[in-house]
Amino acid sequence: MCLKAILSLYSTIELFVNRLDSVESVLPYEYTVFDFCSENTMKRPSENLGQVLFGERIEPSPYKEDKNIRWASRWDYILESMPHTNIQWFSIMNSLVIVLFLSGMVAMIMLRTLHKDIARYNQMDSVEDAQEEFGWKLVHGDVFRPPRKGMLLSVFLGSGTQIFIMTFVTLFFACLGFLSPANRGALMTCAVVLWVLLGTPAGYVAARLYKSFGGEKWKTNVLLTALLCPGVVFADFFVMNLILWGEGSSAAMPFGTLVAILALWFCISVPLTFIGAYFGFKKAGIEHPVRTNQIPRQIPEQSFYTKPFPGIIMGGILPFGCIFIQLFFILNSIWSHQMYYMFGFLFLVFIILVITCSEATILLCYFHLCAEDYHWQWRSFLTSGFTAVYFLVYAIHYFFSKLQITGLASTILYFGYTMIMALIFFLFTGTIGFFACFWFVTKIYSVVKVD
């Protein structure tokens, strides 16, 4: 009786088909746009927000039975096409080697060099040594001087905090299995909803830092936090959507969905950003362990390796080295129609990336402070944020070496969406580097005796 009931359930299984695309184009089309079998009597299923954003239009199709494939083996052809996990473990081991190397360097600085510096500086104060200060203590009166363009930096850090929390929660849920690849669009839907709801941390962080930088234009700060970075992403996405509309692609977002996203942005995210900014400005500014001098100290001539641009370029290499193998599989899942299901590996790489960005930026920050260059705020943000430039270069290499895309519309779409990903990655990694350096600088100057 049970077997008969199961067979009756199998006989009523509905078969659906999704978009059609090609290796020569990133423009997806609906299944029924060509002369294939279509079933007009069946009701079309509703899609979630993630499916609409990716153009995953689901169409009903007549059920076709293949007697050569057993029910228990129906997924084998998909699993066999997946890349093996050996390369994933190689990627993890490669990243761990980099992390161990950086951790050893940071530990050596923190436990030996920095400890000796602090002991020497404090001993000089205790015996009232008349010798002139040297090293990173020499800039204690300027290290917390507000940076130039502090408004823009605080806005970037607020948006970066929003992206960081969104990425962490999304990957954590995916790692636990709540966002299965079989549920199309679930990952994107979760990310968009989280971004909308995380306006409060963005507004709070941007307002608190801007107040610590001595800023007074709080209205401009709140508006830029709520509108600048999301506005750039939306403008890019809207242009890409116009191209999809013009090409008649199924990935073109309907006008109603576009209005719904704008409503989520302006009716939920923006008010939450204002609430976070209110509490951020209401709270007292961040207290620094040392006072800032009224007259800025002149920065001595720097060597080539301690100049800002070479340090920023070098700082992004190691974080990118931790993720480039995983990045290949992610780009394959987006552009080469391969299913991505290894979220456990991705979450581990995410943690390694956070550690690597933090340690690489702290190392370079220490070297620059020893060279008496106290402009660390923007440099720490750009050092780890430069990883996004390497990501962009790799995406260009991937386009020319792995894809067979032809046509102007597909090329514009590829690079348009790549620029969105690069901007998000820039804010994400830059925020990690800044807060790591902020903790480091606050820590070392809080344990040194300063007159």
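Every residue, even glycine, has its Cβ placed from backbone N, Cα and C.
Taken from TrEMBL, the feature transmembrane segment covers 89-111 (among others). Beyond its flanks by at least six residues, the transmembrane segment (89-111) meets 318, 321-323, 325-326, 345, 348-349, 352, 355-356, 359-360, 362-363, 366 of its own chain at Cβ-Cβ distances under 8 Å.
Marked as transmembrane segment by TrEMBL: 155-179 (among others). Sequence-distant contacts of the transmembrane segment (155-179) (same chain, six or more residues past either end, CB-CB distance under 8 Å): 186-187, 190-191, 194-195, 198-199, 201-207, 209, 221, 224-225, 228-230, 343-344, 346-347, 350, 381, 424, 427-428, 430-432, 434-435.
Annotated transmembrane segment per TrEMBL: 185-210 (among others), in sequence order.
The transmembrane segment feature in TrEMBL is assigned to 222-246 (among others).
Packing against the transmembrane segment (258-281) from elsewhere in the chain are residues 192, 195-208, 211, 218, 221-222, 225-227, 230, 234, 238, 241: each is 6 or more residues past its ends and has a CB under 8 Å from a CB in it. According to TrEMBL, the transmembrane segment annotation covers 258-281 (among others).
Only residues 6 or more beyond the boundaries of the transmembrane segment (312-335), in the same chain, are considered here, and those with a CB under 8 A from a CB of the stretch are 26, 83, 87-88, 90-91, 94-95, 98-99, 102, 342, 345-346, 349, 352-353, 356-357, 360-361, 364, 379, 382-391, 394-395, 398, 402-403, 414, 429, 433. For 312-335 (among others), the entry in TrEMBL reads transmembrane segment.
According to TrEMBL, the transmembrane segment annotation covers 341-369 (among others).
Residues 153, 156-157, 311-313, 315-317, 319-320, 323-324, 327-328, 331, 335, 357-358, 360-361, 364, 414-415, 418-419, 421-423, 425-427, 429-434, 436 of the same chain lie 6 or more positions beyond the ends of the transmembrane segment (381-400) yet place their CB under 8 Å from a CB of it. Residues annotated as transmembrane segment in TrEMBL: 381-400 (among others).
Residues of the same chain lying 6 or more positions beyond the ends of the transmembrane segment (412-441) and with a Cβ under 8 Å from any Cβ of it are 26-27, 143-144, 153, 156-157, 159-161, 163-164, 167, 229, 232-233, 236-237, 239-240, 243-244, 315-316, 319, 335, 353-354, 357-362, 365-366, 369, 376-377, 380-385, 387-389, 391-392, 395, 399, 403, 405. The transmembrane segment annotation in TrEMBL covers 412-441 (among others).
Same-chain neighbours of the transmembrane segment (185-210): 47-54, 56, 150-151, 153-155, 157-159, 161-163, 165-167, 169-170, 173-174, 179, 218, 221-222, 225-226, 261, 264-265, 268-281, 283, 285-286, counting only residues six or more beyond its ends whose CB sits under 8 Å from a CB of the stretch.
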